[in-house]
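Let me begin by presenting the structure, written as structure tokens, before commenting on it.
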């Protein structure tokens with residue numbers, strides 16, 4: 001950074017320092033800082049203690065024959081009674097609120113138009129950062145669906161000033177590039193499909209390879225720059241070493257900052273970003289948290305953003321949050337009735353998590369018109385959970401083979417050979433797949449039922465492999481386990497039919513980039529299997545399911561420990577995340593990002609629930625709080 005007085009950025013030893021961390025010491029510093037929790041990181045609630053050991057129950061078979069020994073896991077029951085769900089009400093579905101929102105949307109569009117452009121002499125010192133900050137704020141507040149055209153125009157403007165080796169400054173006439181503006185631009189432009197290289201971050205290192213910034217910046221401005229550097233680093237592609245360095249460095253720096261600065265809206269924003277990052281972040285949860293802190297940071301509220309009315313953006317965000325909250329309650333009431341009336345609702349061997357699945361769906365898809373996607377996702381995931389518990393624990397090997405064969409024949413008359421509990425599961429599955437295929441035909445213009453059935457057949461075959469492993473006590477190799485586990489994870493079946501109900505056309509050439517055997521599908525399935533195993537392997541083992549990525553790795557590597565296996569798998573997960581970023585955002589893709597975004601967000605939703613434990617099986621702590629915060633509770637207007 002020639003011709004500019006700079007300071008190397010090192011982890012602050014006290015509040016007064018303006019520097020961060022050297023590349024040579026960053027690994028050591030990170031190990032130190034991550035060993036001790038930061039002072040105000042939100043405490044994890046104590047896990048609900050559940051007896052996950054196998055319970056064996058005796059059942060007489062339906063033909064009056066001998067007594068069958070069945071395996072049942074001790075899952076906690078549904079936490080949300082239908083009577084409670086049906087009692088929910090919200091005033092925010094009224095026309096007065098939607099009319100107010102329409103008015104504010106137009107006012108925000110005018111705000112976009114008021115930002116100076118290159119045809120005006122004034123405003124040239126901050127026009128780039130203002131546009132980026134507007135786009136970033138709107139997206140984090142969950143109101144970006146109203147401003148897609150304005151966002152594209154703003155980012156085209158920013159990109160026109162992007163320099164591959166230097167990035168950008170705050171404005172088009174800025175003398176020097178700026179780390180905050182460049183990091184925010186790198187992240188935002190990349191997420192919108194622009195071809196930007198992370199090599200630009202090398203410009204912001206000194207001669208010793210340390211990240212650096214101008215000495216004239218305040219501590220708050222430096223911290224904001226590092227926060228956006230961290231956010232940018234999370235959308236890394238494979239092989240981007242500078243992004244890895246930026247992530248390690250910025251995470252360490254921000255954790256140290258949190259131990260020094262007082263509690264504020266800015267500190268809470270940092271905490272949220274560090275906790276959820278990008279791959280476990282849910283858009284609606286982010287909007288809920290950002291509403292609480294938005295516009296209170298003195299740096300962002302200063303005169304450096306004279307064309308931005310933060311209170312107007314906040315007003316719209318609150319209105320939109322509550323209007324959608326009203327729709328959520330109606331959809332949730334429908335789902336609760338559907339579950340209560342379903343054939344499988346009375347089954348006691350399985351987890352009933354329809355409310356939790358709805359929460360996931362509505363946290364990643366907030367457009368009112370995507371109701372079919374949300375409802376289809378819930379129904380699909382509920383049935384996949386029932387099937388998972390049936391194949392893993394309750395069903396006998398002979399029964400499971402009968403069910404698999406009956407499904408492949410796709411004929412209701414085949415249910416006569418099934419035990420009663422399987423008839424209930426088969427009926428629900430048959431009705432749901434036909435119903436969702438009809439929904440998909442409305443948007444895709446073609447019958448997708450056979451396509452979906454093929455995906456389920458592969459899924460059930462993988463279930464059968466695992467059931468046979470459990471029955472025989474066989475422990476496969478890691479490669480054999482993962483090949484089958486990608487399919488049995490359910491990532492493909494949980495994703496495929498819901499995304500076909502969206503209003504986004506998915507012709508075959510796009511499906512080939514999302515569905516099996518695409519690299520996108522392979523990565524998403526691997527991530528769900530590996531992350532799920534790291535959170536569930538002990539409980540699964542207690543239920544008699546010995547095969548997991550951890551146990552299979554240890555078998556392949558005699559003398560290795562569980563810690564060795566977990567370290568290896570976590571590296572695989574990190575690498576796969578960067579690859580999945582590339583598959584979503586690659587500039588040379590034939591299909592638009594929008595066509596793959598919901599599939600990508602489903603992966604993020606699963607990762608969120610597996611962040612600390614199996615948040616589906618044990619849904620009484622973090623998951624329950626998520627339901628309350630994003631579905632049941634409105635924000636104060």
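Count begins at 1; order follows the chain as displayed.
A Cβ is built for glycine as well, from the same backbone N, Cα and C atoms used for every other residue.
Keep in mind it's a predicted model, so treat the numbers as computed, not measured.
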When you get a sec, could you say which of 378-382, 383-387, 388-392 is annotated motif 'DDXXD motif' by Swiss-Prot?
388-392
Indicate the candidate from 388, 392 with the smallest number of other Cβ atoms within 10 Å of its Cβ, considering only these binding-site residues.
388
Could you give me three numbers for the motif 'DDXXD motif' (388-392), the DSSP helix, strand and coil residue counts?
5 helix, 0 strand, 0 coil
When you measure from the Cβ of residue 540 (Mg(2+) 3 binding site), which residues in the chain that are at least 6 apart have a Cβ under 8 Å away?
533, 548
Reported mean pLDDT - the motif 'DDXXD motif' (388-392):
94
